[in-house]
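Student: Heads up, here are the entries from TrEMBL:
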DOMAIN    2-116  domain 'Response regulatory'
MOD_RES   Asp51  4-aspartylphosphate
DNA_BIND  124-223  DNA-binding region
DOMAIN    124-223  domain 'OmpR/PhoB-type'
DOMAIN    364-478  domain 'Response regulatory'
MOD_RES   Asp413  4-aspartylphosphate
DOMAIN    486-602  domain 'Response regulatory'
MOD_RES   Asp535  4-aspartylphosphate
Amino acid sequence: MRILLVDDDEVLMQALADRLIQQRYAVDIASDGQSAEGYIGVFNYDLVVLDLALPDGNGIKLCQVFRQSGYHNPLLMLTAHASTDEKVRALDAGADDYVVKPFNFDELCARIRALLRREHQALPSVLRWQALTLNPSTCETRYQDQPFHLTPKEMGLLELFLRHPDRVYSLDAIIEDLWSFEDPPSEDAVRTHIKGLRQKLKAVGAPKDLIKTVYGLGYRLKSSADDDRPVTSRRAEPKLAPTAAQNGLSQAVAAAWEKYQHMMAERIEVLDEIAIALSQGGLNHDLLKSGQVAVHKLIGALGSFGFPEGSTIAQALSPYLQSPETLDAGQINRFTQLVEQLHQSVEQSSADELTEALAAGAPSLLIVSEDLDLSYRLSAAATKLSLQVRVAHTTAQALRLAERTLPQLLLLDAEASSPPEQFQQLSQLAQLATIPFFVIIDHPNLEMRLQMVHQGASQILERSEAPDRLVKTAIDALKAKTRMAKIAIVDDEPQLLAVLQTGLEAWGFQVTPLESASCLWASLEDEPPDALVLDIEMPGINGIELCQVLRADPRWQQLPILFLTVHQDAQVRERAFSAGADDFIDKSVATAELATRILNRLRQVRPGAPQR
């Protein structure tokens, strides 16, 4: 649950916030009325604590403003005045409770809990879902009456899903509900918390997909009668039925992951053999070389597939294989433990998580619309076309989302009466980020079109157009940015090549995957690329040597060359740039980051090249 504290006493409010955060609330602090109105306009608060005396006005008037603007959740008033008249005025203005300073922290927190219970009085004190129970008061969780432990954030996630079992929560909605404005996590961090919660539920016997991924929308609880149960979104109410394209993608991802998971398991089995050999003192040269190759491939593949935990474990294993003859008994035991953790990480990864990982590399569209129905239909159309989608219902919310993750496309649903500052703020964002800015409006006349163009609109679209056509126009503009640039990728990992090809083609690039330097050399004359992506470690000629050969040829001296590698130490990086590299990228980054880096390189080399 999310609470807003409005008071200019920063020390007191921070102390109160610390108490509330310990009780698993997300807390924001506003020091004046203007800031508070901004917070209320962007976030959904379960409760507001408001001081009577504020630097820029009266708390009672601000309370009235909140109520008149549609805020109906509990509001608790704080004041240094104990007079009956003040209490009556506050309660008449819409406050639900009144506390006099100085107050006891425990009593104030108890009043806050009481107000929140009153708001949710229809909910039971113990939340239940099938065989799963959670007691928010005692923080006790059980599955089939078996207790299990959760971290505070995992507890907050589970409580959120249990309180709203029919609702889909996007990553943005989860962040808004469980984290403070000043310290939001990355989306990858939220995914990690969800994965940890899933693993703990699975460990006590719950279905591995009890927390279900709804492709393109977010997460929700799954019941035994899942297909027959209506679902609502945290962002909009209409139900979105899975499209054939989404179902097909999910099936393809599931099939692909079954194949990749088996190959990952085979590589980990090599590490199992090494662990046994180390414990018995009989590690031979061939097995050691196989293990070094396996670790190298696991670091890159797991990272690129969106499983950073597995990639991190594989990285931790690598130093043990550099000089295995020097390992003592404790180090050998630690190596064995890491291999077991790697087993668990890969086995617990699901097709849903792979789908999320692939989606994280797709281009992102930010939709700004007050019309819930239209924004939802646009989201459905964009999801069907494999875009990441974020929806904002206000300009402030859009700027907040863009600050967290910059979109590749911006789509504004604007009425003719929309205030000019709305256009100005969003067009400035689009111009600074050099991203296409589309405006949807009803029957725009020539004067309106001219005004929008002057204010930065890239294209003006008719609101009467079908949502899929509106989104298709945006995608075409994104692909025009790439100008169908030809990208050659050289890596000896075919599964990684397949993932990168799928992700980059969604951006409009023409991708040629190649498994060796000799394959690249054979194709250079017939199909010269606009940019080249290289791995460092490859059989035969390695990436750095290949880069040196290319830079020694006048024809390829201006070709953008980007290294995509698991090696991130300074020495390897320096060798790559000395050989002529233009960029050096960690393999664990999402495809979106790689696509952006390629676009930046193309822009610097080609006149009129794609802009980001």
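Cβ coordinates are placed from backbone N, Cα and C, and glycine is handled just like the others.
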Student: Going through 2-116, 364-478, 486-602 one by one, which has the most CB pairs that fall under 8 Å from the domain 'OmpR/PhoB-type' (124-223)?
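Tutor: So the stretch in question is 2-116.
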Student: What counts of helix, strand and coil residues does DSSP assign across the domain 'Response regulatory' (2-116)?
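Tutor: For that range the per-state counts are 55 helix, 28 strand, 32 coil.
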Student: Tally the residues of the domain 'OmpR/PhoB-type' (124-223) by DSSP class, grouping H, G and I as helix, E and B as strand, and everything else as coil.
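Tutor: Going by DSSP assignments, the domain 'OmpR/PhoB-type' (124-223) contains 37 helix, 25 strand, 38 coil.
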Student: For Asp413 (4-aspartylphosphate), what residues in its own chain, 6 or more apart in sequence, show a Cβ-Cβ distance under 8 Å?
Tutor: Ile367, Val368, Ser369, Glu370, Asp371, Leu374, Ser375, Leu378, Ile440, Ile441, Arg463
Student: What kind of secondary structure is Asp413 (4-aspartylphosphate) part of, going by DSSP in three states?
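Tutor: DSSP call for Asp413 (4-aspartylphosphate): strand.
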Student: Provide the three-state secondary structure of Asp535 (4-aspartylphosphate) computed with DSSP.
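Tutor: The residue in question, Asp535 (4-aspartylphosphate), is coil (DSSP, three-state).
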Student: Restricting to the chain of Asp535 (4-aspartylphosphate) and a gap of 6 or more, list residues whose Cβ falls under 8 Å of its Cβ, or answer none.
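Tutor: Non-local contacts for Asp535 (4-aspartylphosphate): Gly300, Val490, Asp491, Asp492, Glu493, Gly543, Phe563, Leu564, Thr565.
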Student: Including all protein chains shown, what's the count of other C-beta atoms within 10 A of the C-beta of Asp51 (4-aspartylphosphate)?
Tutor: 24
Student: DSSP on the domain 'Response regulatory' (486-602): how many residues come out helix, how many strand, how many coil?
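Tutor: Here the numbers are 54 helix, 23 strand, 40 coil.
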Student: Tell me the residue counts in helix, strand and coil for the domain 'Response regulatory' (364-478), as DSSP assigns them.
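Tutor: Residue counts for the domain 'Response regulatory' (364-478) by secondary structure: 58 helix, 24 strand, 33 coil.
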